[in-house]
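Database features, via Swiss-Prot:
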SIGNAL    1-22  signal peptide
DISULFID  Cys52-Cys69  disulfide bond
DISULFID  Cys59-Cys73  disulfide bond
MOD_RES   Pro64  4-hydroxyproline
DISULFID  Cys68-Cys77  disulfide bond
Amino acid sequence: MKLTCMMIVAVLFLTAWTLVTADGTRDGLKNRFPKARLEMKNSEAPRSRGRCRPPGMVCGFPKPGPYCCSGWCFAVCLPV
């Protein structure tokens, strides 16, 4: 019973994670990987365009990415 509950919670969490990190467009996951490849190729691009958030700003779930200038987020942007 506990294992079943844990599996249900895990599936719900992963579903929410996918919906939160997906683009706002229709079929957002379809075009997600080419964009990620481009950002990996030019890793300084998001920072140079001013789209990153400074340390202390709210950023969402814990994830590495271009959303924070430092690249690390745990509810707020963490300093390096």
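Each residue, glycine too, has its Cβ placed from N, Cα and C.
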State the three-class DSSP label for Cys69 (disulfide bond), counting H, G and I as helix, E and B as strand, and everything else as coil.
coil
Across all the protein chains here, work out how many other Cβ atoms are within 10 Å of the Cβ of Cys77 (disulfide bond).
21
10 Å Cβ neighbour count around Cys68 (disulfide bond)?
26
Using C-alpha atoms only, work out the spacing between Cys52 (disulfide bond) and Cys73 (disulfide bond) and round it to an integer in Å.
11
10 Å Cβ neighbour count around Cys69 (disulfide bond)?
18
Roughly how many Å lie between the Cα atoms of Cys69 (disulfide bond) and Cys77 (disulfide bond), rounded to a whole value?
8
Cys59 (disulfide bond) and Cys77 (disulfide bond), distance between Cα atoms, whole Å:
6
